[in-house]
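The domain 'Glutamyl/glutaminyl-tRNA synthetase class Ib catalytic' annotation in TrEMBL covers A:35-350. The motif ''HIGH' region' annotation in TrEMBL covers A:42-52. According to TrEMBL, the ATP binding site annotation covers A:43-45, A:49-55, A:THR238, A:274-275, A:282-284. According to TrEMBL, the feature L-glutamine binding site maps to A:ASP75, A:TYR219. Residues or ranges marked as motif ''KMSKS' region' in TrEMBL: A:281-285. Residues annotated as domain 'Glutamyl/glutaminyl-tRNA synthetase class Ib anti-codon binding' in TrEMBL: A:353-454. Annotation comment: TrEMBL describes A:470-543 as domain 'tRNA synthetases class I (E and Q) anti-codon binding'.
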Amino acid sequence: MSTETEKISPKGRHVSPNFITEVIDGDLQQGRYPKVVTRFPPEPNGYLHIGHAKSIALNFGLALDYRGECNLRFDDTNPETESREYVEAIKRDIQWLGFRWARECYASDYFERLFECAVQLIRDGAAYVDSLSEEEISTYRGTITEPGRPSLYRDRTVTENLDLFARMRKGEFPSGAHVLRAKIDLRSPNMKLRDPVLYRIVHASHYRTGDAWCIYPLYDFAHPLSDAIEGVSHSICTLEFENNRAIYDWLVEHLRGKCGLPASPRPYQYEFARLNLDYTVLSKRKLIKLVEDGHVKGWDDPRMPTIAGLRRRGVTPEAIREFANRIGVAKANSRVDLATFEAAIRDDLNYRAPRVLAVLRPLKVVLTNLPEGNVEELQAPYWPHDVPNEGSRAVPFSGELYIERDDFREHPPKGFYRLIPGGRVRLRHAYVIRCDDVVKDAAGNLVELRCTYDPATLGRAPAGGPVKGTIHWVSARHGVRAEMRLYDRLFRMADPEAGDGDISASLSPESLTVVEGYVEPSVLHDPPELRYQFERLGYFWRDPADASPKRLVFNRIVSLRDSWAKREGRGRV
RNA sequence: UGCGGGGUGGUCUAAGGGAAUGACGCCCGGCUUUGGACCGGGAAACUCCAGGUUCGAGUCCUGGCCCCGCAGCCA
């Protein structure tokens with residue numbers, strides 16, 4: 001038995017099967033829609049984050065899988081919080097993620113039509129102008145356990161309502177003086193159905209329509225009708241809108257075939273669980289606060305879960321899409337392990353990042369048997385044997401090197417197989433060295449290591465038995481100094497929103513560690529956007545904002561899996 | 001508690017009356033000039049609970065329990 005989908009896209013789906021694809025398969029089989037039309041409906045009042053990426057991957061992915069289309073629609077019905085800057089940022093982020101919309105739409109383009117719809121509702125006796133105060137409306141709405149009571153304005157005549165609504169539009173009333181409400185059911189057990197507000201008066205200019213309007217539709221009114229106008233077939237949103245679906249259906253059923261809205265097919269709303277990711281927050285409000293309170297350096301701070309932040313961090317769009325695919329789509333509230341995201345990032349970078357040598361926390365090593373000034377150019381492959389790419393570069397080797405401080409232990413724990421006093425270790429792509437002396441200053445601090453290298457060990461096993469470890473290094477004279485920004489989880493707690501109150505208390509002091517390190521000189525000839533694996537350390541790339549030809553600044557995108565650190569009981573550092 | 005949703009290994013997620021899937025994580029082994037990657041193996045869910053229907057139930061029925069959402073003129 002082959003479904004429509006299988007015919008269209010037998011393999012390599014963008015969206016793995018879920019409860020929504022099942023609905024679509026059924027709808028297509030029943031011939032309910034000529035094609036699948038979805039939409040991604042951001043409000044331009046903030047930046048997109050990884051949670052939005054899940055929704056974007058779903059909506060655009062479905063359009064791709066079913067050869068349908070996905071519109072980008074800005075839900076710009078609240079002039080007080082929205083701006084063109086956000087529109088541009090959102091468009092850039094979606095494109096960067098690799099998706100293309102069929103049409104760029106704006107709820108604000110429908111304002112006139114939406115107004116007509118509202119008038120139609122009034123004519124049908126299905127909406128009325130209410131003149132209660134905001135507080136009164138709230139009181140009259142009742143509570144979860146008590147039914148609401150009708151406003152004394154609920155029975156205004158159609159003529160009166162029409163007149164009032166027209167005057168609202170004309171600007172005869174101050175902000176908040178009146179609202180338009182749907183006449184549904186004040187006793188409904190569904191709070192959303194207790195005569196929801198459709199329009200409010202807001203004397204504020206809109207970033208697109210300027211001062212053409214002083215009444216603006218609310219989400220509950222604009223959203224379903226925008227879907228209908230655009231011919232959306234499957235309107236996908238998150239779980240918190242489940243109750244709003246009743247309004248959605250009520251409006252679409254009342255107005256389909258009227259005011260230029262197609263009678264059929266009509267759109268239906270489906271809800272899925274939004275993404276929660278460990279050790280971060282994904283609510284616009286909280287993200288804004290992090291920026292405003294200066295806990296991070298901006299929307300594109302590499303610690304932020306925003307698309308802009310991830311992009312600057314160095315995460316690729318492919319990794320984000322792969323992540324979205326791995327976590328799936330369902331209706332159960334959930335919280336995704338950070339490791340899932342990191343694994344997707346590493347899997348992507350593993351085959352695209354050439355390996356180079358860099359040292360984060362330098363410890364000097366002097367090779368006593370290598371004449372000073374003697375420099376050898378070693379040829380080092382960019383790729384390990386298991387990555388099917390070719391290429392190599394020359395790496396200068398000399399008598400003074402830097403190695404990682406972590407790779408030497410005077411008193412090694414058991415299982416440590418890097419450099420120890422009197423011990424040997426392999427220098428990656430180079431020779432085996434032995435540590436002869438440990439030099440310390442008066443205070444007892446480690447200053448340098450004096451070692452001898454074995455010239456017979458280049459590309460060959462050493463005499464006297466194999467060495468256990470291989471460590472990375474950089475020639476002291478040739479290494480290029482670089483600022484290394486080591487990023488870690490933003491919050492200390494998996495669910496920063498769990499406790500009550502201030503999120504900032506659980507911010508991790510280790511979310512950013514800056515060190516001054518060295519990187520091999522070959523990187524100076526590379527394109528700046530190249531992502532590397534600094535061997536044994538992690539994936540890095542130049543910070544696109546702060547790095548310059550004069551000043552190298554690297555961001556750690558993600559560390560390597562480190563089973564030694566895990567065994568030692570430390571996290572990444 | 002009125003209504004709407006949801007509960008499957010540590011974490012996500014499949015399965016739609018017929019031997020509980022995959023991924024991440026974890027453990028063991030192999031390989032390795034990255035303690036990475038890769039390869040092999042393993043532990044891990046009596047599918048929230050209690051009944052019922054059935055030859056057979058994660059799937060159907062009944063009754064509970066727990067979690068999330070809804071009382072903005074935000075979206």
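Glycine is no exception: its Cβ is also placed from the backbone N, Cα and C atoms.
The two recorded residues, A:ILE50 (ATP binding site) and A:TYR219 (L-glutamine binding site), show a Cα separation of 23 Å. For A:ASP75 (L-glutamine binding site), the same-chain residues lying six or more positions away in sequence with a CB closer than 8 A to its CB are A:PRO41, A:PRO42, A:GLU43, A:ALA107, A:TYR219, A:ALA222, A:HIS223, A:SER226. Outside the motif ''HIGH' region' (A:42-52) by six or more residues, the chain places 72, 74-78, 81-84, 86-87, 89-90, 93-94, 207, 274-277, 282, 284, 287-288, 299, 304-308, 310, 320, 323, 341 with a CB less than 8 A from a CB of the stretch.
Broken down by DSSP into helix, strand and coil, the domain 'tRNA synthetases class I (E and Q) anti-codon binding' (A:470-543) contains 9 helix, 31 strand, 34 coil. Counting residues per DSSP class in helix, strand and coil order gives 3 helix, 51 strand, 48 coil for the domain 'Glutamyl/glutaminyl-tRNA synthetase class Ib anti-codon binding' (A:353-454). The Cβ neighbour count for A:ASN45 (ATP binding site), using a 10 Å radius and every protein chain shown, is 18. The average pLDDT computed over the domain 'Glutamyl/glutaminyl-tRNA synthetase class Ib anti-codon binding' (A:353-454) stands at 96.
Cβ neighbours of A:SER283 (ATP binding site) (same chain, under 8 Å, six or more residues apart in sequence): A:GLU497.
There are 24 other Cβ atoms within 10 Å of the Cβ belonging to A:HIS52 (ATP binding site). Cβ neighbours of A:THR238 (ATP binding site) (same chain, under 8 Å, six or more residues apart in sequence): A:SER55, A:GLU271, A:PHE272, A:ALA273, A:ARG274. Under DSSP, A:THR238 (ATP binding site) is assigned to a strand (E or B) in the three-state scheme. In this view, A:GLU43 (ATP binding site) is surrounded by 17 other Cβ atoms within 10 Å of its Cβ, with every protein chain counted.
A simple way to gauge crowding: the CB of A:LYS54 (ATP binding site) has 25 other CB atoms within 10 angstroms, across all the protein chains here. Counting only same-chain residues six or more apart in sequence, the Cβ atoms lying under 8 angstroms from the Cβ of A:LEU275 (ATP binding site) belong to A:ILE50, A:GLY51, A:LYS54, A:LEU282, A:ILE327, A:VAL336.
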